C-alpha cells in the first residue's frame, strides 16, 4: 500500500529541467606548472606571427654563412697569385696601386697572409660605392695590379658577400629594413626559451618520436630540433641584437656604464697608453653594419706610406711593419693604417693592427710615431674588459669567423634548423584545424585565459621583468603590446558572437587548458582539436 502511494507521488511530480553545465573554472596551480599553459600560448602566438620574419632572417643567414667560400671562388683571380721567389717591398706595392688609381687616397694596407695571397691596398676612391673602400689587389712578387673591387667592413667583404650581408641585415631597404632583423632577433630568444621550457615540462613518454604519428609526431620532431639548436639560436639572437638600431643602442650604453666598453688606441702625436679608455661599443668603433665596419674613420689627410721629403718626414710603410714585428711582437694577418696629418701639418702615428679573428684571436695594436717609429701607444686584446672580449668573440662567432669553416657550417646548420622548426610549427597549426569544418580552415589557437591560472604572487615579478625587457628591447615591447591588444579584441569579438548565437558565453579561444596547454573542454570534452589520430598529449588528463 505504501509502495503504491510512493509510486503515484513519483509519477505525479513534474519533471525538473537539468541544470545547464557551466564551463569548468581554471584550476589554480602553483609554481612553474601554472606557467606552462601561459608559455604555451605565448610560444604559439609569437611563433605564428613572428615566424615570417624569422624565416627571412634564417634563409638570408644561411646564404651569408656560405658567402665566405663563394667569395673565394668568385674572386680567385684577385685574391690569389702564383708563389714567386722574392716579395717586393710593401711601399712598391702601394705605389703600384696608387699609380693605377691616382685619384684614390691611401686608407689602409693589408699584406697577404699566406705566400699565394695578394696584397690589398685600400683606397678612399671616388669610384667606390658609398661607405665602401676600393681594394686594389697587387701581386707581391711583381707589383702587378690584379684588379680592384669595392671592399666593405672589417673582414674586407667583397661585393658578393657585402650584398648578402646587407640583404640579411636590412633586405636592401635602408634603415627601415633594419627593423625586420631587430624584430626577429628580439623575439628569437623568447620563442627558443619558451620552447625549451615546454619540452622539459613534458612527460618523458610524450617526448618520444618513434612510434608516434600525426600531430604528436610533428610536435616531437619540432621540439627535438629546437632543443638541440636552442643554445646556438639564443647566441644568434643576443649577438644579432648588438647591431640593431634600438636594442643595440641600449646594449652599448649599458656596457659603457658598467665599464665594458671597447678600449680605443690613440694615434695622436706623442699620445701614451693611458690616454685610451673604455669608449666605443662593440670592438668595431666608428663602423656599423653586419660586418661591424662601414669604412675607416679619419681617412682624410692620410699620409702616403713613405717618405715625402717634407718638413715632417714619414717613414716608409716597410720600416713601420718591420719595427712592429721585430720590436713589438705584432704578427699574423696585419692591417696598417697610415698616419693622419693634423691641421698643424704634423702627422699622427701609424696604426699597425693584428686582424686575426679566429681563435686564438690575435688582435693586438700598436701606434708608432710616423717620423721616428717610436711606440706612442699600445693596446693588447688581453687588456680588454671582459664584456668587450665577450662581445668581440660573439661578433666573430655570429659572422662565421671565430672558428673559420667549422663556424660557417655551424651557422648554416642553425639557420636550416630554424627553417625546419618554422615549417613544422606551421604544420602543427594546420594539423590542429577542426575536424568538423572546411578542409582549409585555420588550426585552432591555444586557449585564452591561461594567465588566470598563474598565482598572484608570480604576477608582480612577471609583469616587472616583462616591462623591463620590453623597455630595453623596444621592438619586443611594442610588438608584445600590439599582440595583447589584438588578442583582447579578437577574444571580445568571439565572446560577443557566441553570446548572440545563444551559447554559454565561452568563446572557442577561451577554453580551459590542461597542464600541457592543450584543450580539455572542447568537442564534447574529448580534448581533440585535429584529426582523429592527432589527440593532444594531455588527452585523458585533468
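Just so you know, glycine gets a Cβ as well, placed from its N, Cα and C.
The region 'Disordered' annotation in TrEMBL covers 1-30 (among others).
As annotated by TrEMBL, transmembrane segment applies to 38-64 (among others).
For the domain 'PepSY' (88-147), the model gives a mean pLDDT of 97. Per TrEMBL, domain 'PepSY' is recorded for 88-147.
Per TrEMBL, transmembrane segment is recorded for 179-200 (among others). Sequence-remote contacts of a segment are chain residues at least 6 beyond its ends whose Cβ falls under 8 Å from one of its Cβ atoms, and for the transmembrane segment (179-200) they are 32, 35-36, 39-40, 42-43, 46-47, 50, 53-54, 56-57, 168-171, 207, 223, 226-227, 229-230, 233-234, 236-238, 240-241, 243-248, 473, 475-476, 479, 517.
Sequence-distant contacts of the transmembrane segment (221-246) (same chain, at least 6 residues past either end, Cβ-Cβ under 8 Å): 61, 169, 175, 178-179, 181-182, 184-186, 188-189, 192-193, 195-196, 198-199, 202, 207, 209, 252, 281-282, 288-290, 292, 391, 394-395, 397-398, 410-411, 414, 417-418, 420-421, 424-425, 428, 473-475. The transmembrane segment annotation in TrEMBL covers 221-246 (among others).
Sequence annotations record features per position, and here TrEMBL assigns region 'Disordered' to 258-312 (among others).
Positions annotated as compositional bias 'Basic and acidic residues' by TrEMBL: 271-311.
Long-range Cβ contacts of the transmembrane segment (409-429) within its own chain (Cβ-Cβ under 8 Å, at least 6 residues beyond either end) map to 44, 47-48, 51, 54-55, 57-59, 61-62, 64-66, 215, 218-219, 221-222, 225-226, 228-229, 232-233, 236, 398, 400, 403, 442-443. The transmembrane segment annotation in TrEMBL covers 409-429 (among others).
Annotated transmembrane segment per TrEMBL: 450-469 (among others), in sequence order.
TrEMBL lists 500-542 (among others) with the feature region 'Disordered'.
Under DSSP, residues within the domain 'PepSY' (88-147) fall into helix, strand and coil as 11 helix, 22 strand, 27 coil.
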